[in-house]
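What TrEMBL annotates here:
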type	residues	note
DOMAIN	112-262	domain 'GAIN-B'
TRANSMEM	268-293	transmembrane segment
DOMAIN	269-521	domain 'G-protein coupled receptors family 2 profile 2'
TRANSMEM	305-321	transmembrane segment
TRANSMEM	341-364	transmembrane segment
TRANSMEM	376-397	transmembrane segment
TRANSMEM	433-455	transmembrane segment
TRANSMEM	467-492	transmembrane segment
TRANSMEM	498-517	transmembrane segment
């Protein structure tokens, strides 16, 4: 696992979902433009002063949504829920707190004062309280941190719980329960002191799921899908309670997910990653030192391409290994530096593997008429310049893209690590998965051409050199970055074996590159047919 950045997409998001879930924005449910009008049949509203709504209107809204739970399709219900949240945030009420119950909907509004020090909300299907006093048959308990309203005060906090079998049938929400939290006129995200939501689950609903485990996720109304970003899950199995700990406010639910990998496997993979990357870094440095000291390979462009790939891998490992430790620092400066250089070096590594493929294409396919003026300079401009342009554009568009991010290491147990990298999912998707996917397909074709040349077009004298051919194939496979593609096949029953193979091969890529360089560094140029020379290609 030379880098967990690719794993962040591939381990926790199935390949089939890469292009249906393009990005996630950590924010509360957006308020829609039709907030001043009800989209729910049978509901009428009258705006009060300053665009506010009366309590009677909120009650009518909730009754209409409750009716829709049995009469309308799910998409209509969810649009209504989004509007209902907006109405509840703008509802005028006399007391400091008030509760509204309408069938399967339970709502609670309370006005936070200037000395807000946190709050506890307890709810059952029949009642809800926010004074910290437990209620009978409570199925949901919410702990709101003091940080929630800093520095805003005298605002309304909204709690809404919706229970419907339709949510289970269509969205696989456990117990068919959605729990919504919001603050009027404020989007809450990035909380250091998280919101904790404890949900009591029906035992039979959990027991009937086999090896599946609860996973806390939030509903994104824009994409109509669930995401787990910003949330961790603690399953108190004996008590039948799931605790969702989230750093933002929106609508939350518990879904039953198939376990990805065990904690033991996660620890082992982590050790393999650190040890493998450390060894790779050492051998890559040795490779560069050997190259600078060996003059016999000084004019071979192929070696120079290999060394550029080695330098890219050095940068990648140097910035990847300390990333988690830097993410724990209170200062944001070092984290931003690591994030920028880590992203740059990852793209540079991918780009130089593509250049390795292109260089091999010229040697094996075109063969003749392959003179390119200032060849190495042009390759360097692409290899180092292309990633630099991407990073600069990202910084210009939004410099906050590089920051501390949370990577989930399990869909179900909520374990996660923090590191410094790109925070936007769409940027990560395009600049890592899509970029590597294109390069992987190209280099796979180059590898196929290489194999055909080695197997079918060898001279009689070369047919006895099977060992050399195998070493050549393995070396070229490493240079082209083919082992990175294992991640695309590590799903289902192959998840754990695939990840182990991915971690071992890619974390040791630098070591393999060292072996390849050592085998050929001092051979005469005549033994390297088709190699480019400094005089003809630079």
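Count begins at 1; order follows the chain as displayed.
The backbone N, Cα and C atoms fix where each Cβ goes, glycine too.
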One stretch in 305-321, 341-364, 376-397, 433-455, 498-517 has more Cβ pairs under 8 Å to the transmembrane segment (268-293) than the rest, namely 498-517
Under 8 Å for C-beta pairs, could you tell me which stretch among 305-321, 341-364, 376-397, 498-517 has the largest tally with the transmembrane segment (433-455)? 341-364
Beyond the flanks of the transmembrane segment (305-321) by 6 or more, those residues with Cβ under 8 Å of it: 2-3, 274, 277-278, 280-281, 284-285, 287-288, 291, 338, 341-342, 344-346, 348-349, 351-353, 355-356, 359, 376, 379-380, 383-384, 479, 509-510, 513, 516-517
Counting only residues 6 or more past its boundaries, what in the same chain has a CB within less than 8 Å of a CB in the transmembrane segment (376-397)? 301, 304-305, 308, 312, 340, 343-345, 347-348, 351-352, 355, 359, 422, 427, 431, 537-538
Looking only at the domain 'GAIN-B' (112-262), what is the model's average confidence as pLDDT? 81
